[in-house]
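What TrEMBL records for this protein:
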type: DOMAIN; residues: 9-42; note: domain 'Connexin N-terminal'
type: TRANSMEM; residues: 44-64; note: transmembrane segment
type: TRANSMEM; residues: 95-120; note: transmembrane segment
type: DOMAIN; residues: 108-175; note: domain 'Connexin cysteine-rich'
type: TRANSMEM; residues: 153-176; note: transmembrane segment
type: REGION; residues: 224-244; note: region 'Disordered'
Amino acid sequence: MVFVVAAEKVWGDEQKDFDCNTRQPGCHNVCYDHFFPVSHSRLWALQLIFVTCPLLLVVLHVAYRDERERKHCLKHGEGCTRLYDNTGKKRGGLWWTYFFSLLFKMVVDGVFIFLLFYIYEAYFFPLVVKCSEDPCPNEVDCFIARPTEKRVFTVFMVVVSFVCILLTLCEILYLLGKKCRECIGGGGPRAIRESPRFTMPATIPLTANDNSVFKKSELEKTKMADGGVAETESPAPGYSVAIS
């Protein structure tokens, strides 16, 4: 947004101060339209809109998750199992939304850089441009207002776009590498925690009767060790153990 506002200041006088050394009616407008078919500031404004829209889709997806989690808690109570560990974490569908938003952003930046060089061809704000379009009587010289300032600003915007493409590509590669590592590793720590193999067995505590039988058996073993022969041999105590 700051770049677009600054571009409006730099290009605000482009048509007013675009001057040609002829007074042929219509020649000035035709030459200006030939060299500047689309304003740089408006082109960058369109680029900003197209780059921002995918990020808004990610925000809307997170808001949809929050709303779905809220309705789930209202329906099943606050103590119910949550649908998402973290609604803002890039898992499942949100991962794909974020991935495609980055891909779309990178493509948009590349397309607008291509359009910038395709539309303006080799006219990179020279001090003097030659125009021979109709209805100009012959080849006339035209002068651009503040060409050096516009050249520097254009180079800066192109470099920023290339840096954004590079950073977006690095983030896409990072997301893909992390996703592949999770798939190869079986889903990471989260899958291990949720695996049924790691469910601890639950035991039912001994009742009072079972406890007395256990103590009696231990007492008989002690008597056998002291006297050599036990009076009676009781069977092993029974345990009630449930494994889930």
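Cβ atoms here come from the backbone N, Cα and C positions, even for glycine.
Note that TrEMBL annotation is computational and uncurated.
Computed over the domain 'Connexin N-terminal' (9-42), the whole-number mean pLDDT of the model equals 79. Sequence-distant contacts of the transmembrane segment (95-120) (same chain, six or more residues past either end, CB-CB distance under 8 Å): 35-38, 40, 43-44, 46-47, 50-51, 54-55, 57-58, 61, 154, 158, 161-162, 164-165, 168-169, 171-172, 175, 179. Helix, strand and coil content of the domain 'Connexin cysteine-rich' (108-175), in residues and according to DSSP, is 42 helix, 8 strand, 18 coil.
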